[in-house]
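Some notes on the structure that comes next.
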């Protein structure tokens, strides 16, 4: 069996790891360190570590791989292939050179578009109608190696980061399973990326999460679904942050300053943008409160909202 080092961290990576465990010999798993989670800051292992522990696989968790003791230990292993999927760190050249068959990455975009750490978020924020999975050889430069295989998938109007993450996670494992035989046998024909067509999806920053109501409704809608269910787009109402998990676009002929609540229905809070498409907030969370449907919030506040300004 092919001896593989797997490197990954979040839920996206777990389906790939499960497939590799079933089909090959995973001799080591490298993931990020445990992190404090929640209000009580409970130290929590990353999803990939939980899978590795279930199968009693050796786990390495360097804070930074370059120059680490864990790297020195990995370099002593007899390995055929390194597979990464959303690991979260660049690999040192010494590690890239270690496996006999090279190092490959499962990336959640149609490269060269959306290189970087947040390709699913950015594709939805940009209003793309499709994205996909790329299996590529790894090089020193971020997400720039030769493409081995790709498969596209449609982004539906009602998709958000959560739904696309789940679809792409399954697609990534399936495409890798199809692609691995040609990599192992040395029969694949990889294709260089066209760097002139490269775009980048940097990790989401806090300032990327705030909604600018002065944009067209479609852009606001795409931002909301491109950040849901994490890290979540937000606005401010009455000096209180308001997270928006779900919304829809509605046509309006009411002319109002962008960010103004122009109407409420039984199920939504309708907010003006800078064009004739308003945003209907359906699922929300006020700071310090539990997440709730707008319908539940409106049962006690419907008559007091129209005319308020979100900023």
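Cβ coordinates come from backbone N, Cα and C, glycine included.
The structure displayed is predicted, hence computed values, not measured ones.
According to Swiss-Prot, the protein carries these features:
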{"type": "BINDING", "residues": "109, 110, 111, 112", "note": "(6S)-5,6,7,8-tetrahydrofolate binding site"}
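In sequence order, 130, 131, 132, 134, 150, 152 constitute the residues six or more apart from residue 110 ((6S)-5,6,7,8-tetrahydrofolate binding site) in its chain with CB-CB distances below 8 Å. Those same-chain residues not listed among 109, 110, 111, 112 yet with C-beta within 8 angstroms of the centroid of the (6S)-5,6,7,8-tetrahydrofolate site C-beta atoms are 107, 113, 114, 115, 119, 132, 134, 143, 147, 150, 193. Sequence-distant neighbours of residue 112 ((6S)-5,6,7,8-tetrahydrofolate binding site) (same chain, 6+ apart, CB under 8 A from its CB) are 143, 144, 193, 194, 195, 197, 198, 199.
Within the same chain, residues at least 6 positions away in sequence whose Cβ sits under 8 Å from that of residue 111 ((6S)-5,6,7,8-tetrahydrofolate binding site) are 134, 136, 143, 147, 150, 193, 198.
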